[in-house]
Amino acid sequence: MASKTLYSQRDPMLKRDGFEDILEERRNSSDLKYALRCYAPVLYKGVTPCKANMLKNIVLQSDQLHYVINQVSQESGEAPDIIQEEASVILEEMAHRLQISTVRFFAFALSKAFKTLFQHVCVNEEGIQRLQQAIQEHPVVLLPSHRSYMDFLLMSYILYTYDLALPVIAAGMDFMGMKFVGEMLRMSGAFFIRRSFGGDKLYWAVFSEYVKTMLRNGFAPIEFFLEGTRSRTCKSLTPKLGLLNIVIEPFFKGEVFDVNLVPVSISYERILEESLYARELLGVPKPKESTSGLLKARRILSEDYGSIHVYFGQPVSVRSLAQGKVNRSTYNLFPRHIPRKPMEETQSFVNDTAYRIVRLQEDNMVLKPWVLMASLLLQNLEGLELSVLTEQTVWLRGLALSYAAFLDWPDHAPTAKVVSSSLALHRGLACVSGGRVSLVVGEPLGPVTPEEALFNRAVSVLSCASYRNQVLHVFLRPAMLAVAMHTAASSKKSEWPGLYNCFSFLWDMFSNDFILCPGDIVQDFEEACYLLVKTGAVQMPQQDIVMTDIGQPTLSFFNGLLEPFLQGYQVVCRYLCEEASEGLTEKQYIPAVRSFAVKLILAGNLRCYEVLSSDMQKNALAALLRMDAVRKVKVADQVTLIVNKMAVNSIDDILGGKLPTQKALLARL
Amino acid sequence: MLTSDSCLSLHKHGSSMASDSNSSESQRIAQQRLRIIAGHLQKHKDDDSGTIATECKAEANKGTVPRKRQEIMKWNGWGYSDSKFLFNKKGQAEFTGKRYRLSGMVLPSLQDWFENTFGASVNHKSPATPALNASAVPPASLNEAFVEDLKATGIPFSHEAEDRVFRAHGHCLHEIFALREGKKFERVPDMVVWPNCHNDVVKIVELACKHNVCLIPYGGGTSVTSALECPPEETRCIVSLDTSQMNRILWIDEKNLVAHVEAGIIGQDLERLLNESGYCTGHEPDSMEFSSLGGWVATRASGMKKNVYGNIEDLVIHIKVVTPRGVIEKSCQGPRMSTGPDIHHFILGSEGTLGVVTEVTMKIRPIPEYQKYGSVVFPNFEAGVACLREVAKQRCAPASIRLMDNEQFQFGHALKPQVSSIFTNFVEGLKKFYITKFKGFDPHQLVVATLLFEGDRERVLQHEKQVYDIAATFGGLAAGEDNGQRGYILTFVIAYLRDLGMDYYVVAESFETSVPWDRVLDLCRNVKERINRECKERGVQFQPLTSCRVTQTYDAGACVYFYFAFNYRGLADPVHTYERVEHAAREEILANGGSLSHHHGVGKLRKEWMKESISSLGVGMLQSVKDYVDPDNIFGNRNLL
């Protein structure tokens, strides 16, 4: 594949690298030879590789762990050697056993699989070079986006291909359920952590010391997913901080000179789990990971999943990030081996860093034309003329490019061809009949109930939404401003302080659904204004933000883009005000909202299918909790939701544009 | 040895600064009485009476340092004028003069080391200005009334340019660099006075207060903290008070093992004179050839043998200081007191901001019967630090134990003089083979610890065994006495090497810190890395040399000493670059749990971090002492605060 360079126009300094297709070579030379070739990666400052067993010993003998073992022993009355034994069992269960033979096996098997599944696997080689440099100089933490099970196999595969040190990967314990595969993954560098171990001091100590030891000794790059889990919606998830805290701490304590964080954006043209995710969001529980389940999934091998783009971002130096933000000498007066809750200054730094990394991941996500088409189709659920769709896609492409989207639009191909090949690849989601493009609704097998029909439709809407979601980070800020303009006044003119209030309300409301860095609200507002002005959609004479004559299509597209979220949140609010019973438990919440929404749709009072997504329901609840409109109360073993109906009602009104922000905010107080 | 004189300065309890005519009369009577006592003492000298007294003034100055320091010392570099490194016509390095063990010797491997380490070349010279350009020195702005009154006292003074410039600087890189370049001086002292004894200092301080003159005490001039620099904003007449002529041991008390000494005495004279009576102080800072007792007190100095003898604060029993408010003294020589915060600790480390230390009573010890050097080679720095930590834990540190990193080890090798006999060469070769090939030590990783044991012979040998046994458990191999001894000899010549570097576009400096044991390795690694990074970022074209050694061990931590040097060819302002890098290195030290200084002090170089180091409340406490003792800022060198 010819290397392509895609430029960002938002920031002229932000030049993105070109890509190379690593499958091309695989198609032309022996996979076996490739799997058996000499593999001699450069290591951190030339350290001699340390055996997995030695690593375990270092961890078990560390002062850090000893301290906690003694502490636990004193608290529980158990003898220290019994606790020590426990620690060693935990470590055994957790630790990876990286073996080059297993890696070679994967290199061979994945080559075969990738060639069947994908057209291209593209990697920015300049990023690889930067990574190679970074690995030699500092401990490196790889932070890939997480959309698919493929992610970490793919990462290791790429690093093997480029002769880079293989990462050790933090994986969820659920993989361990797959007996054989679990062990295989372990031997390819995965280490397993329990999903929750909140109060377990010993577990936490073993785990954090294990990770830190690997980091300090430069054993291997450490890889984990900031998002914590695979995003079922293709929107980035708000970052989890636990592991990030662990890998950053050695820098604050002076145990390493610096830590480099490398954001990696993995973009799939089609995600293997696409319809699986939609079902999961609709409440069909996800199949438990099992080896036989994976084998059944072989069926997917016969399909075409387009290309993958993997972009290794610029390594981010924790040292430079922390400059002037965290005073490391505050760590001077406390023994370093005693675990301690991070200071406020540190916590907010880590939180901030996590958000910035996720945004960097977003920035370098490669978008395919289909993503734009999906965004348009979702605003026209009844279907669109193919010619109109083509025309609007071209328009949207221009808009996306001027907002610095990383768009992979084929060079020199006529637009019609681009559109039709996208439709062909995604024929499971959209079809053309009689010159009209519309969403495919899963074919009913025999007679169906109205609920089943609705469910089928929802699957295609949510699948389609997972593509639209990929472009949201590009449009989010101007779109929120567009909504604010729409909500604030039906007139063409509005003063910006009012708009800002409305914008910040939306910003706050949606901060679980989208990646909005804490504290960046003003900056985001300015960016929104700047982008809308830049594309000529609005003008800003002094205190006003005014829509221009040519601004209509942009602003209404943006309104349409966020419409499902506004509606979805409103449905949640309405449910809580109208239907929710006293003593609604947290567990009941999701099914209850779902059946409320189903009722509304069946009655023809609602056309928004996305509210059926448990993701949106959870985010809406989180927002309401954050805004104190809903409270959680723990009664016995149940968590009950207490609804402040007045507050929820006024939030509903603002979202519906019935109430100005200022008033609503007062009402909340 | 005793002569009668009017200025006998046996010390005098409760003497106050305000010496009106009455008190000088009583002083005269007291002194007369003391003379009689002294006469008795002399008579009983051979009995078991333990006091030997000396007195002031008329006696010819027996110290090493003349008033005109420039007569024997370099005006723009380190040490004696006759001793310097140079590359001879064959390109071989040699050390001139006759004063040191290394003097007159050829150092065959230095050139290679020098060129390879710095990317420098003996063909690229950056020579210094040969002589002081008097026109670069601002004219003296004298306070005439003060000069008149001073003349009346008969205390010698000078306002010659050379004398003034010599006392306008210490040995910071920027100071020496400026001298070599012949840069114009912004501010130098307007005159220099040479008091001869405590009473002279009392008179000078009185006059300075009377005429509002700024006084800057000057001892050995070895400061590396910009402490001697004149504040450019100072508009008053600045008088440099040079204590070098107050260099007598006034008495020795063998019963209590203390000596009463004038504070201007320099280290080598103090040791030499005490040695004549069979004693030593054991206080041996690396600068002891030139630094003075008063300077040690004023900066909280540390000597290399502190493990046996203690640091300066452990050594002093009594301090006499002349301040604008009067003389500070204690009423007795009790070895320890619980009388509120120790007032000595206001003086120790005051860096010339409160007054002039004139006389010190300090502990002495009989000269040790036996001394033995030693050295241990470790496979790497980590092992070496672990060993030192263990030695400290077992509290069995020899008089001195120092661990040099690999860079310094290699540097040490480059300084080996030409070996005279083939046999020694052969032995050296065998040793090297054994360590690197047989023991599998990587010559680019191995480090060496140098040791110095003192005491009676039997105990030294016992002690030695104990330390070597500990070292062995950390993979350490005994590497002979010679290596150890050489390490300590180098201590004194290393300062001369910076001048050689500066002749060839290489600037160098050292700085130090103290740090808890568990952070030693992290701090060393991070500071070196920071220096390398900063150099790169600031456009230094050549890989810098960063090296460190652990020079002191304590129960709870260690003192770490860094050397840092780079080839500055291609840099517009090497000194500025150097300063920025050192600044960054200091920030790194503080961020890694190191202190602002272990023994160099703060001066003006590190003032900016004082608040961070001791809290603003702490700074306030010090400030209030300054405000009380010296309300008119007579001692206006503006160090510390």
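Just so you know, glycine gets a Cβ as well, placed from its N, Cα and C.
Automated prediction, rather than curation, is the source of TrEMBL annotations.
According to TrEMBL, the features are:
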type: REGION; residues: B:1-28; note: region 'Disordered'
type: COMPBIAS; residues: B:15-26; note: compositional bias 'Low complexity'
type: BINDING; residues: B:217-223, B:299-302, B:351-357; note: FAD binding site
type: SITE; residues: B:ARG402; note: site 'Important for enzyme activity'
type: BINDING; residues: B:ARG498; note: substrate binding site
type: ACT_SITE; residues: B:TYR561; note: active site, proton donor/acceptor
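Of all Cβ atoms in the protein chains displayed, 21 besides its own lie within 10 Å of the Cβ of B:TYR561 (active site, proton donor/acceptor). Separation of the C-alpha atoms of B:GLY355 (FAD binding site) and the residue listed as 'substrate binding site': 32 Å, rounded to the nearest whole number. Cα distances from B:GLY220 (FAD binding site) to the recorded positions B:ARG402, B:ARG498, B:TYR561 are smallest for B:ARG498. The DSSP secondary structure for B:ARG498 (substrate binding site) is helix.
Its Cβ taken as reference, B:PRO217 (FAD binding site) is surrounded by 29 other Cβ atoms within 10 Å in the chains shown. Neighbour count (other Cβ atoms within 10 Å of the Cβ, all protein chains): 28 for B:GLY352 (FAD binding site). In sequence order, B:HIS283, B:PRO285, B:SER291, B:GLY295, B:ASN311, B:ILE312, B:HIS599 constitute the residues six or more apart from B:ALA301 (FAD binding site) in its chain with CB-CB distances below 8 Å. Within the same chain, residues at least six positions away from the residue listed as 'substrate binding site' with a Cβ under 8 Å of its Cβ are B:GLY77, B:TRP78, B:LEU173, B:ILE176, B:ALA508, B:GLU509, B:ALA565. Cβ neighbours within 10 Å of B:GLY220 (FAD binding site), excluding its own Cβ and spanning all shown chains: 25. Within 10 Å of its Cβ, the residue among the recorded positions B:SER223, B:GLY355, B:ARG402 with the fewest other Cβ atoms is B:ARG402. Among the recorded positions listed (B:PRO217, B:SER223, B:GLY352, B:ARG402), B:ARG402 has its Cα nearest to the Cα of B:TYR561 (active site, proton donor/acceptor). Between the C-alpha atoms of B:GLY352 (FAD binding site) and B:ARG402 (site 'Important for enzyme activity'), the distance comes to 30 Å.
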